[in-house]
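See structure below.
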Amino acid sequence: MSTNIAINGMGRIGRMVLRIALQNKNLNVVAINASYPPETIAHLINYDTTHGKYNLKVEPIENGLQVGDHKIKLVADRNPENLPWKELDIDIAIDATGKFNHGDKAIAHIKAGAKKVLLTGPSKGGHVQMVVKGVNDDQLDIEAFDIFSNASCTTNCIGPVAKVLNNQFGIVNGLMTTVHAITNDQKNIDNPHKDLRRARSCNESIIPTSTGAAKALKEVLPELEGKLHGMALRVPTKNVSLVDLVVDLEKEVTAEEVNQAFENAGLEGIIEVEHQPLVSVDFNTNPHSAIIDAKSTMVMSGNKVKVIAWYDNEWGYSNRVVDVAEQIGALLTSKETVSAS
């Protein structure tokens, strides 16, 4: 039995989630809420500058999209409470707008009839469970929560990495820097922004700014609260980012032992270890949350460790959104099966 999902928002993440979800046999994309006509949405799904041509053909139809024999209803309403989720029997509303990341706002999808909500960004408050695959997904609780957050792309990268290091060697403290590709939050040319550095042209400079990844990490790895802090450098590339993590460990280790810990972590599909001397473009459309750059692992004084982890901040993250949606759907199905028996 497949899970009925609706996607609110057709920006970068919304479109990538749609591409991935359409090829997941456990998910049924029923509806999309977006402000653009079907022709525009279909074109931007079929053709993508960063990730290339889609291997399925998405065609515009009246008030919707069609992929083979599958039809997707297209609606356009900026108030989620007005959306036809009850009528369409939506199990999970995936909100990819970034506008409803507070639980008090996201609950509008529940009021509209969706059983659960999944946010494609870190929660800004309210009764929301933050879930990161490979970190705390075993604690996903559909009884206690109706709204879930898939955190950020950076938290999805650093989370599994920090968990492995902490479990194997113990983290005393550390600092992280994410070297992050351009996002829609930046300006192509100088224009006002509440962050004056992000007000500057994203194509011309390396831009130091903040990241919420270390703060969000405490939501999924509470044992590391107060132990990690960090910042971001926005760089003029279109996609693929990395986390540069430096930590002091409780145990003395070698670089080989650190890399082996990631190899043996058992996080298939989440962490990958790369031994080739690659560059950012080589990780474009890589579905993993974190790709350890084994050649860059360093150890100093026995317990000070530097780890570089690459991540496709669009495609890798969107894969995790779909994974979490699939997990929520499976739990809903199991609950309904038990209730019916």
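In case you wondered, yes, glycine gets a Cβ from its N, Cα and C as well.
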Binding-site annotation, Swiss-Prot, D-glyceraldehyde 3-phosphate: partner of S152, C153, T154, R198, T211, G212, R234 in T183, T254:
T183
What subset of the binding-site residues R12, I13, R78, T120 lies within 10 angstroms of T183 (D-glyceraldehyde 3-phosphate binding site), using C-alpha positions?
R12
If you skip the near sequence neighbours and keep only those at least six away, which residues in the chain come within under 8 angstroms of R198 (D-glyceraldehyde 3-phosphate binding site), Cβ to Cβ?
D185, Q186, K187, I207, T209, R234
I'd like the Cβ neighbour count for R78 (NAD(+) binding site), meaning other Cβ atoms within 10 Å of its Cβ, all protein chains included.
10
Express the distance between the Cα positions of I13 (NAD(+) binding site) and C153 (D-glyceraldehyde 3-phosphate binding site) as a whole number of Å.
10
Return the member of S152, C153, H180, G212 nearest to N313 (NAD(+) binding site) in space, with distance defined Cα to Cα and candidates limited to these recorded positions.
C153
Neighbour count, 10 Å Cβ-Cβ cut-off, for N184 (NAD(+) binding site): what number do you get?
10
